[in-house]
Amino acid sequence: MQKCPGATLFALVIVTGIATWVVSLIISNATKFIIDENGETSWILRFIYTILGYTTVFLPCYVLIHLSKRHNLHTLGGCQWRLLRLILTGTTSDIVTEAEVNSTGRTSNVETLYQKAISLFYCCAGLQASYLLWGILQEKIMTREYTDGDKIERFTDSQFLVFVNRILAFLFSGIYLLLTYQNVHRTPLYKYSFCSVSNTLSSWCQYEALKFVSFPTQVLAKSAKVIPVMLMGKLVSRAQYKNYEYTTAVLISVGMTAFLLGSGGDKKGNNVTTVSGAVLLCGYLIFDSFTANWQSALFKEHKPSSVQMMCGVNLMSCLFTSASLIQQGGFFYSLSFASRHPVFIMDCLLTAISSATGQLFIFATISKFGPVVFTIIMTVRQGLSILLSCLLYQHHLSSMGILGVFIVFLAIFLRIYYAQQHKKHKLEGTELSDSKA
């Protein structure tokens, strides 16, 4: 296969980036004539802008990766080729030995019951505090009005909030990686881009949905994401599920329906608004379920640590969101808004800090106590989020809505219980077969 010289390679990438940027601007200006920028469906326009912004990064990177595969990167020197090795192979080293990959550099410490209890308390308190604060601030920024003398306005750029959250999470995880020992990283950076795009789009849909639905509705919709995750797993990896998983999924659907019917008058607006909120919530669930499945595949194939995954995904997210914000003028709008409303700066920083620290507590909880304990803690957090939101922002919940919430959380706890029982029986069966052998 014919090689592409280094200078020509990077020139092609630059030309592709410029061409993509110009085409994106043309399409952006054309869509303004089709969709009312201030109408109820203006979120469609913002979504198109966001996708175009991501394309201006994604397409040049694709060209770079595709042409770079024609070179033997291990024989090429220079900073640019070391960077390409990092993007394509996940490491700048020429050879990664099995000893390096499998080494952990840690000694096993057996914790006492008291130490485990203290660790669990800190993890639980950290998760509850960080994500409860994040939820309250998220709702405040997207649904409440900021006043500056006689001027009253709302913040509308969801992309900027996603960017602030991601860049701080990247810094937190990067510092953590520098201060702790980690296995050799061998996940190609470009593979993080797929779940990064879906992750940022799920967050974008989440913020935009708050303009059309109440926060309790959104929280309960998140609780129901097990349904699209199961469907995505069925389509992508042909996964098989147990009867209790299907049963609890149906219960969650029933609970969600009861909740939505019981809180239909909670949000003012017409049918367009209701449909917009539902579409955005569906978008959140679809993108989030893809993120989980793709990250699971990366864990199985390349075995990065959770913090390495967090750092890689957030790095790519920063690149995508910053390109989109520059193209849309989002930085100028957000900074201008912040200059008029200093309180907004504090809200943004607290939201980003709580989101980033929450991700670190997720890593600590799963690594120490496993995913089941983490799920229980987060389920409790979702219930408390709904309660706090109703108390602080006076959301109305009818008897049917309360019943829906109860059914959803009952289904989640049943799912956790039966998963544990199934795991226990499977372990006992394995031990019995080993003893017979």
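Keep in mind that glycine also has a Cβ here, set from the backbone N, Cα and C atoms.
Because TrEMBL annotations are produced automatically, they should be read as predictions rather than curated entries.
Taken from TrEMBL, the feature transmembrane segment applies to 7-27 (among others).
Taken from TrEMBL, the feature transmembrane segment covers 47-65 (among others). Remote same-chain residues near the transmembrane segment (47-65) are listed as 9, 12-14, 16-17, 20-21, 24, 27-28, 31, 84, 87-88, 159, 190, 193, 197, 200-201, 204, 208, 319-321, 323-328 (criterion: CB distance under 8 Å, separation of at least six residues from the stretch ends).
Taken from TrEMBL, the feature transmembrane segment applies to 117-137 (among others).
Look at TrEMBL and you will find 160-181 (among others) tagged as transmembrane segment.
The transmembrane segment annotation in TrEMBL covers 244-262 (among others).
Annotation source TrEMBL lists transmembrane segment at 274-294 (among others).
Counting only same-chain residues 6+ beyond the ends of the transmembrane segment (315-337), those with a CB under 8 A from a CB of the stretch are 21, 24-25, 28, 49-50, 52-54, 56-58, 146, 153, 155, 157, 159-160, 162-163, 166-167, 170, 189, 192-193, 196-197, 199-200, 344. Residues annotated as transmembrane segment in TrEMBL: 315-337 (among others).
Residues or ranges marked as transmembrane segment by TrEMBL: 343-365 (among others).
Positions annotated as transmembrane segment by TrEMBL: 372-394 (among others).
The annotation transmembrane segment is assigned in TrEMBL to 400-418 (among others).
When Cβ-Cβ distances under 8 Å to the transmembrane segment (117-137) are tallied for each of 160-181, 274-294, 343-365, the top count falls to 343-365. Same-chain residues lying 6+ beyond the ends of the transmembrane segment (160-181) with a Cβ under 8 Å from its Cβ atoms: 104-106, 138, 141-142, 200, 203-204, 207, 307-308, 310-311, 314-315, 317-318, 321-322, 325, 330-331, 333-334, 348-349, 351-353, 355-357, 359-360.
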